[in-house]
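K.L.:
Structure incoming, see below.
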Amino acid sequence: MASSLTLPMAMAFTLLALSFASAMGGSMNSSRFDELFQPSWAFDHFVYEGEVLKMKLDNYSGAGFSSKGKYLFGKVTVQIKLVEGDSAGTVTAFYMSSDGTNHNEFDFEFLGNTTGEPYLVQTNVYVNGVGNREQRLNLWFDPTKDFHSYSLLWNQRQVVFMVDETPIRVHSNLEHRGIPFPKDQPMGVYSSIWNADDWATQGGRIKTDWSHAPFVASYQGFAIDACECPAAVAATDNARRCSSSAEKQFWWDMPTLSELSLHQSHQLIWVRANHLVYDYCTDTARFPVTPAECEHHRH
C-alpha cells in the first residue's frame with residue numbers, strides 16, 4: 001500500500017513518536033555488543049568497527065548472535081541498518097525466543113528485495129510452540145540508509161513491536177478468553193542473517209544473486225531493560241520474581257503500559273492503514289476459520 005504521508009507530516013510524526021518514547025522505556029541506555037551478546041555461529045562473519053557490529057552473509061554461511069542472559073518481561077532494543085542494494089533472498093532477523101518444542105517467540109524478520117524495491121518487515125508470535133501469526137508491512141523510510149531502532153516491549157498484558165518507538169503491532173493478553181499468552185518462559189534475544197531465497201522475496205521467485213555478496217547488516221545501540229532469569233531458577237519462581245508486588249515494582253508493570261496510549265493507538269492505526277500488506281487474521285484462504293485471537297484483538 002502506498003503511503004499518502006507528505007514529508008513535513010512524516011517529520012512531525014517522527015517527532016511525536018520520540019516524545020512518547022519514555023512511556024515505553026524509551027530512555028534506555030545502550031551497551032556495547034559484548035556486554036550483552038555473543039556470537040553464536042560463524043564467528044568469522046563478524047566485523048567490529050568501534051560501536052558498530054557488522055554481520056555478513058556470503059555463499060558459505062550466514063551468521064548469528066545471542067544474548068548472554070535470558071529475560072522475562074521488559075524491553076529489548078537494537079538499532080539496525082539493513083543490507084543495501086540488492087538484498088533479494090536474504091533475511092535479517094531480530095527476535096526473542098525461549099527453548100524447547102513448546103517455546104514462545106516474538107519475531108522481526110526483514111525480507112530483502114531487489115534494488116529499488118522496499119524491504120518487507122514480517123512479524124510473528126509463537127505461543128506454546130504455535131506460530132502462523134504473520135503480519136507483513138513496508139516501512140515509511142529506507143531502512144538501508146541509516147540506523148533505526150527495533151524494539152520489543154513485553155509485560156503481562158501485551159507484547160508491543162516498535163520501530164523507532166512507533167508501535168507496529170500489539171499482541172494482547174486474552175487469557176480471559178481462553179487464549180494462551182506467553183508469560184512464564186524466559187527468553188533469549190537473538191539476531192541472524194541467512195539465505196532464505198526459497199520464500200523470502202516475492203514468494204521465492206527472486207533468488208539470491210551471490211555476485212552481490214557479501215550482504216552486510218550493521219548493528220549498534222544494544223539495550224536490554226528486563227528481568228534477567230538465572231538458568232537454575234524454576235519457571236514458576238522466575239514468574240514470581242519478575243512480577244511486581246507490594247515489595248517491589250517493575251516499570252513494565254505500570255498501569256499506563258497495560259495498553260497503548262491514545263496517541264500510540266493512533267500511530268498503530270496509521271501504520272496499518274498505510275503500510276500493512278499482509279495480516280494472517282484476514283487470510284481466509286489460509287485460515288477458513290478465523291484464529292481465535294483475531295476475533296478479539298482491537299489492532
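Cβ atoms are placed via backbone N, Cα and C, with glycine included.
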K.L.:
Looking at xyloglucan binding as recorded in Swiss-Prot, which candidate out of GLU109, GLU293, GLU295 goes with GLN122, THR123, ASN124, ASN132, ARG133, GLU134, ASP198, TRP199, GLY203, ARG286?
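P.N.:
Among the candidates, Swiss-Prot records only GLU109 at this xyloglucan site.
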K.L.:
Quick test of reading the record: Swiss-Prot lists a disulfide for CYS242. Which of CYS227, CYS281 is on the other end?
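P.N.:
Disulfide pairing in Swiss-Prot: CYS242 with CYS227.
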K.L.:
If you measure every Cα to Cα pair among GLU109, GLN122, THR123, ASN124, ASN132, ARG133, GLU134, ASP198, TRP199, GLY203, ARG286, the residues listed for xyloglucan, what is the largest value in Å?
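P.N.:
Among the residues the record ties to xyloglucan, max Cα distance equals 20 Å.
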K.L.:
State the Cα to Cα distance, in Å, between GLU109 (active site, proton donor) and GLU134 (xyloglucan binding site), rounded to an integer.
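P.N.:
GLU109 (active site, proton donor) to GLU134 (xyloglucan binding site), Cα-Cα distance: 10 Å.
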K.L.:
Could you say which of the disulfide-bonded residues CYS227, CYS242, CYS281, CYS294 has its Cβ with the most other Cβ atoms inside 10 Å?
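P.N.:
Per the Cβ count, the most surrounded site is CYS242.
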K.L.:
Out of ASN132, TRP199, CYS281, ARG286, point to the one nearest CYS242 (disulfide bond) in space (Cα versus Cα); all of them are recorded positions in the record.
P.N.:
ASN132
K.L.:
Could you say whether, by DSSP, CYS294 (disulfide bond) belongs to a helix, a strand or a coil region?
P.N.:
helix
